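Taken from TrEMBL as is:
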DOMAIN    19-146  domain 'Ig-like'
DOMAIN    161-240  domain 'Ig-like'
DOMAIN    254-342  domain 'Ig-like'
DOMAIN    376-489  domain 'Ig-like'
REGION    533-570  region 'Disordered'
COMPBIAS  546-561  compositional bias 'Pro residues'
REGION    635-663  region 'Disordered'
COMPBIAS  645-658  compositional bias 'Low complexity'
DOMAIN    725-820  domain 'Fibronectin type-III'
DOMAIN    824-923  domain 'Fibronectin type-III'
DOMAIN    928-1026  domain 'Fibronectin type-III'
DOMAIN    1031-1128  domain 'Fibronectin type-III'
DOMAIN    1132-1226  domain 'Fibronectin type-III'
DOMAIN    1231-1328  domain 'Fibronectin type-III'
DOMAIN    1333-1450  domain 'Fibronectin type-III'
DOMAIN    1455-1551  domain 'Fibronectin type-III'
DOMAIN    1555-1650  domain 'Fibronectin type-III'
DOMAIN    1653-1752  domain 'Fibronectin type-III'
TRANSMEM  1759-1782  transmembrane segment
REGION    1868-1896  region 'Disordered'
COMPBIAS  1869-1887  compositional bias 'Polar residues'
REGION    1927-2001  region 'Disordered'
COMPBIAS  1945-1954  compositional bias 'Polar residues'
Amino acid sequence: WGLDMKPLQSGSRHLSLSPSRYMITSLDRTHAGVYRCIVRNRMGALLQRQTEVQVAYMGSFEESETHQSVSHGEAAVIHAPRIASFPQPQVTWFRDGRKIPPSSRIAITLENTLVILSTVAPDAGRYYVQAVNDKNGDNKTSQPITLTVENVGGPADPIAPTIIIPPRNTSVVTGTSEVTMECVANARPLMKLHIVWKKDGAPLSSGLSDYNRRLTILNPTLGDSGYYECEAVLRSSSVPAVAEGAFLAVLEPPQFVQEPDRHVTAEMEKVVTIPCQAKGVPPPAMAWYKDAALVQVEKLSRFQLLGDGSLQISGLVPDDTGMFQCFARNAAGEVQTSTYLAVTSRCQLSALSLAGHPGAPRPAPGAPWQGVRGLPTLLPELPGRASGGSQPCFWSTQPCSPSSLAGRPGVPRAPPGAPWQGIQGLPALLPEYIWEKDGVPISVDGIPRLRLDEEGTLHISQTWSGDIGTYTCRVLSTGGNDSRSAHLRVQQLPCPENACTAEPLESGPVLHYILEVSETQGSGWPPAAQELARAGRGASLTTSLPSPPRVSLPEEPPTAPPQKRHRQRRTNQIHSMIQVAATLLRLLPGRLPVGYQFKNITSRGQQPAPGDLIIWTNYEIRGGERTTALAWGSTAPGDEWTLQGGARRGASPAPGEAMGLRTSSPPTRLIAWEPEQAEEVTVVTVRPNFQDSIHVGYIGGLKKFTEYFTSVLCFTTPGDGPRSPPQLVRTHEDGTGSGGLGVTHPCACGWLVFAGYRISWEEYNRTNTRVTHYLPNLTLEYRVTGLTALTTYTIEVAAMTSKGQGQVSSSTISSGVPPELPGAPTNLGISNIGPRSVTLQFRPGYDGKTSISRWLVEAQVGQIGENEEWELIHQLANDPDARSMEVPNLHPYMYYSFRLRQVNIVGTSPPSVPSRRMQTLQAPPDVAPANVTLRTASETSLWLRWMPLPELEYNGNPESVGYRLRYTRADGRGRTVAHVIHDRVEREYTIEDLEEWTEYRVQVQAFNAIGAGPWSHVVLGRTRESVPSSGPTNLSALATTSSSMLIRWNEIPEADRNGLILGYKVVYKEKDSDARAQFWPVEGNASHSAQLAGLGKYVLYEIRVLAFTRIGDGAPSTPPILERTLDDVPGPPVGILFPEVRTTSVRLIWQPPAAPNGIILAYQITHRLNTTSANAATVEVLNPSARQYTATGLQPESTYLFRITAQTRKGWGEAAEALVVTTEKRDRPQPPSKPMVQQEDVKARSVLLCWEPGSDGLSPVRYYTVQSRELPAGEWTLNSASVSHNATSFVVDRLKPFTSYKFRVKATNDIGDSEYSQESESLTTLQAAPEEAPTILSVTPHTTTSVLIHWQPPTEDKINGILLGFRIRYRELVYDGLRGFTTRSLSSPGAKWAELTPGYAVRNLSGAGLTHHELDNLSKHRRYEIRMSVYNAAGEGPSSTPQEVFVGEAVPTAPPQNVAIQTTTATQLDITWEPPPLEAQNGDIQGYKIYFWEAQRQNSTERVKTLFLPENGAKLKNLTGYTSYLITVSAFNAAGDGPRSAPVRGRTQQAAPSAPSTIRFSELTTTSVNVSWEPPLLPNGILEGYRLVYEPCMPVDGVSKIVTVDVKGSSPLWMKVKDLAEGVTYRFRIRAKTFAYGPEIEANITTGPGEGAPGPPGEPFISRYGSAITIHWANGDPGKGPITRYVIEARPSDEGLWDILIKDIPREVTSYTFSMDILKQGVSYDFRVIAVNDYGYGTPSAPSPSVSAQKANPFYEEWWFLVVIALVGLIFILLLVFVLIIHGQSKKYAKKSDSGNNSKANALSHGEMVSLDESSFPALELNNRRLSVKNSFCRKNGIYTRSPPRPSPGSLHYSDEDVTKYNDLIPAESSSLTEKPSEISDSQGSDSEYEVDQNHQKAHSFVNHYISDPTYYNSWRRQQKGISRAQGYSYTESDSGDPDHCPLFNSTSTQQGSLFRPKVSRTPTPQTPVNPPSQQSTLYRPPSSLAPGSRAPIAGFSSFV
């Protein structure tokens, strides 16, 4: 069977009932697909027709958009959410809970899309779909989709037709009942929209439905194919119609037009065509199969698929015989046909048949069968025919001989001696023979032991055990094939005399001997003699096995033996090297009675390798050389062993009282392990020793005085044999042999006694001088005497045991020459680097005149800086001539640096030069994760935890380390599942999707990029118990009475129990009833039946059964069964009323009995006067359908009693009685009295209500109605509507406990209802036990003996009273750990089941508001079950679902203590802490987690370092320099992580900064550029400055100048470079500095002009007007873009550097005027003009003629003017002082009189009055004035005074000095200057402010003269001689004043005592660091560039005043 063309395997889910049937017992979705059966017999195979299996299922709705919006009037298209289902579900749309039917505005498409046409505002709402699967009954409801209608309220304009859902291309197969195409369109107004369907342009009128949206074609045929168009038209409108179309394709399944014959016969090497033609729509594709396998015609040249589908085969061969199938397939289906092709030979063998199958070469009927010793042959002699042209064809051979395997077993044979007969006239049909051994073909070529003769007989010589097997002889011929098989056994003769000897071990006296003999290696060892006398030394053994003859070839006389024979062992070859011209090798297996095997070598120099030798056999080899006399010379025989093959059985160490059998055997392995650690074994390989009959091996490296199990096994190249039974031995306590075991193979394991030492010495290379002494085993020192002076001696020492001497240690010394300390080795090299070893190559150093006894290898382990200590890792002793050594036991993926020392008798040499630091290769992890624990997590999950590998055990790249876990069921069922975790520090994983209540085996292993490490030990865990997942099976019900039935069931399948079944519950309810189902419990799991009682009579019940466990109820059985109780007499009819009452007649109506208890057969009505006896009653029987009756002939104004009863099969039932008065004066009844309730009648859920009836209105009351109302604000609700008419009390039930109610009653008669009675008094029902349990939110271990429980109490309405507290029940679950028997007594003798789990312990919690509690005093390492309940005064509520928790493991409850941080380097912090308090550790601390992050960046930089050892410190490496970190530490144990400690702050040390972020270039001219940069992203400290280095990439004029500029401080971040050459590429490098320089950033720039830049303007000429200079120029070539601006450059005429003077000159101008004040006075300047466009700065113009910046002195600079001004000022001051004194004296007394009252009122505000009291001057009061003192702008109290007056900023031009004095506001550049500031007297500020016309400018200002000094500023002069250049871009501020802390509001401060000037040099400080030079001129800054509203600074203005 195959599923989707893949063969199926029979498994647990499938069951093949018969060859023609395949049954799937447990169907799921994986079984869906196309099944096809392959039928196979000897003739071939056929593919049967496919069968598609579809499995009904339905998934869940996929998530989709939940909100949609649509404009008013447009169509809303709401797609149904996708859901995976088969078949497609039935989808129903709902809106706000109401089903949506299709209408003219609403369409539901075939794809279940909801389309709302012409939407309006009410269409907004929540839409959802409900999907129902018809096959399995599943139904799902989607999430709601909210539709919003927008643009509501706008004009309802018409909307043109649009097709919302167009038709879709559809395909349908002929024979389908119908096909539907749909088209949904929208327009406004919708009522005028009309849809027209057309086919190929012709309108259609039939098949239209759903408002013409759908077109249905019934029984489509090929003629219905075509193009269908849907056209939407808006009638009565000029709007054009819209149309959409789609194609309908009607498909036709394939049909064969021509089929092949059932049987086709063709001859070999011919061409045959098998016809096969088919038709269909679309045309089918043809495919051919042979024996159910696809014929790939494109890959097989002999096969060709013809155009009509036929198959043509060329060059037929016999293998082409078989079943051929032709398949024709298209989209509509497939058909197939088949034929049998028989390929025959030229010899007419077609007449042969076997078992009725034609076409196979088989003997004719009645042909005689020839047997070979009981085995029949297949092909007999072929008899000839009496007539016709065919000749007889005989085919015969001789039978096989089993003794020599002569011939192939089973080959068709003729009688012995029969010759081969040919077919006359035709070539002989000679067969081909193929021999196979165990299914593998045998090749006899080149194997001398094998020979195949002409008759097909296989000869095997020198047989051995490797020849054992099944041999198959296959005969192949053109007439047919056949095969036969036989098994060959090789009989092994007993070993020769003295080959088998037995000696006892030294373990006790020998009792007797047992001799065993084996025929083959696999036949066992049957005893030949049971008890041989212990005194005997031999035994005679006879065997019935035949002995093959031993063949020996005669030897010939030798002439000379071959020379230089060398033997090399191989697996089953012996390699010989013989240098002769022609050699013959003779090989004789030792101890085997066979002849020689010859190998002829004819060429000189050939190295023969005799092959096909017996594995692990001793051969005698002789070589002979051929002479001219054809004689052979033979060498002396040499023995050699071939290597081993596969081990057949293990070695057998003898037990303590057994013997050892000494015999030769293959190499062995000795194995030792400690009893508790069976997986950690020590293995030692023992090489075979062919000289000794016993093999001895030693196991070293063991622990002293420790017990070990030992075992021995034999191994060969294919693998290991089985182990021997283990024996327990113990190593010595100490001394010789400690730490090792000597194992004797194959009989004993033990150790040998250490006898002593052998010491010998001899003169160097003179063995005849050897002297030997034997020393006892305690001697460790010996003095050698009698030596000759100045002679070199070799001294050897070896240990001795009873078996001989051990390894020799030797040393060479020179007598009389004192040895010296050796020198250090040199030339240390490393090679052959592996994961755990390297090879060191070296040159020895000076040996110190003695032998080197030992080599010491030392290493530094780890990366540079981690470990600087050298440690000894390897020693090599007793190899003084070593030049290289292998260093083992290294750690994979570890850094090492090696050095070497050499040791002689004097001491140790100095170390060699250390090697380079190298890293070993990666290797798989060596260890498995430790502390693997498995805990129950839930019903379907287990929680696995382990200790991750330490970093040293990764053995590879940490990024590749992860963990792999595998788990499987402990009972072996199911498959093993693996999961990979790639996080190397992960230590837990929750295994999900497990089966409930199932035990699992789990293992963990670590892996890296190289491979995986060992698996951890197996841990077992069981998932939590759950409820059964299915109900009992085979449910049946049997009604026993009218009110009872018997229910039976079978057990639940074991896989679905999910726990221990504690009992069952029968769930039953009336069918089609809304009442809640009832439960009938059945305790215990032994009973599988229940008798239900108290059922309704003749009621159809729906019955199911469920099982329950400790956790709760499981799933009920499905489907439910239906059973009806037996019938009975019916109950009384109900609802008797008299709607019509007359004086002589009444009409009554009724309803059938509420309990019919069967089928109603009739009704009986009797009536009589109420005063008469029953005998006078009138009886009337009515049919069962009657519901009314009219009684006539009654007496007026009389009371009658009517009785109605119903009849079933069981008889008449209970009667219903009613009174009626024959009167016409009836009325409604009066209301009953006020209901009363006695307190003792109040219950928790019911009360007894009593009332008195009112007047019945001459119409008897038929029933009462009771209503209740819940206080305080409840509504009146109906409690009972059918209270008996004669009742005066009623039990009102279904009330809520502890709730206040009021009641009222009304009466009803035939006329109607009375009014309700008065309300009863309010009453409160009693409390009842709570009906709901609290919800346990979590149960977590808190300490090792306590757990913390969190819960949520039940809702208040479920408490049914006042909550008093909680009750916790807990018990230990012991069934997981039960391994032995326990006793439990049962008190009830009739008990049939018992729960073995112990009872609950109870803990009461009295607090009603509690939500958590710590449950303590629990037992460690136990699993507990916990339940909770609540209780009130009435009792306790139900228990919650049990929760399980494992106690004994809890996370630490306190963080680590005293966390401290120590800064060590810029990238490392050392963290120390103390462990949490012991009482808070809750177990062993397994490690710590250090959380660290950069301060203020926790979310993006937080990292975790995990220590898996309980250390108290860690090193955090690879941190960022000079960065503050916050660090917290938490401890963890096996249960999890504890709380974190409080964050501790630490900062790393400074480090070199990172490279600056970017380099930018601006204002690039031919000789200068502005360079700016961004600060480093990682400053790693306080930036002290930058270093800028620039140089040309290529030498300029043969010179390459490197310029270095140091910029101090963290700003500025730009620099103007002016000494560049035109058109040269420069490399700029910048790096930042903290305490050291960091890496640099590099960028290149090429000076202008660039490509496309403007050409040079015309040569400028200059004109002067007073102190103004005007530069004129002519426009030049604009370049590739328009000129955007001009720039003027200037330089001092005495070869200064060009720099920009004026920039941003508008492009329209060709001249520019500027003041000479911006130039250095007295200096001559050259000027040039540069044009700028979008491509950059152009070529500068030619320099202008030099212009001097010297100005004429104005009159106010003359000395006499200064004297006049001084005198006038003095007079003015004196007059002012005099006036003020007089004025002050006149008001002195007036102010004194007013001072007491107005002192506070007239106090001057700050800044309005300043008092001066200096040098005994009288006090002056100056209003609205202020003195300019130091820091006059900035008082210490921070209050600012008025600004000094100054001119408007637009009214003045300022000289360079003005700008320089305030370089904090106006950036400028200059060379370094060192000047001495001049002192000026204090001055006062002006008294008022004034304005100056902004349009008026002076060439020379009177004020500017006194604030200008040519020495203050020198823009265009180079550095003066004698003045040292300051460091680039370094400056210091003036020490006068403190302006840095004064905000400047429209003014600058006046400095005290001096003008503000720089001390050294002034450097521009750009305000915009990104591109500062582009906005600020170095020399010229127009006033308009200042900040708006600010005033230009006027330094020195007050000095003039």
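First residue shown is number 1, and so on along the chain.
From the backbone N, Cα and C atoms, a Cβ is placed for every residue, glycine too.
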Contact ranking winner - 19-146, 161-240, 1333-1450, 1455-1551, 1555-1650 against the domain 'Fibronectin type-III' (928-1026), Cβ under 8 Å:
1455-1551
Summary of DSSP states over the domain 'Fibronectin type-III' (1031-1128), given as helix, strand and coil counts:
3 helix, 40 strand, 55 coil
Compute the average pLDDT of the predicted model within the domain 'Fibronectin type-III' (1031-1128).
91
Using Cβ atoms only, state whether the domain 'Fibronectin type-III' (1031-1128) and the domain 'Fibronectin type-III' (1455-1551) have three or more pairs under 8 Å that are 6 or more apart in sequence.
no
Which stretch, 161-240, 1231-1328, 1333-1450, tops the Cβ pairs under 8 Å count with the domain 'Ig-like' (254-342)?
161-240
Based on DSSP, tally up the residues of the domain 'Fibronectin type-III' (1231-1328) by helix, strand and coil.
3 helix, 42 strand, 53 coil
Looking only at the domain 'Ig-like' (254-342), what are its DSSP counts of helix, strand and coil residues?
3 helix, 51 strand, 35 coil
DSSP residue counts for the domain 'Ig-like' (161-240), split into helix, strand and coil:
6 helix, 44 strand, 30 coil
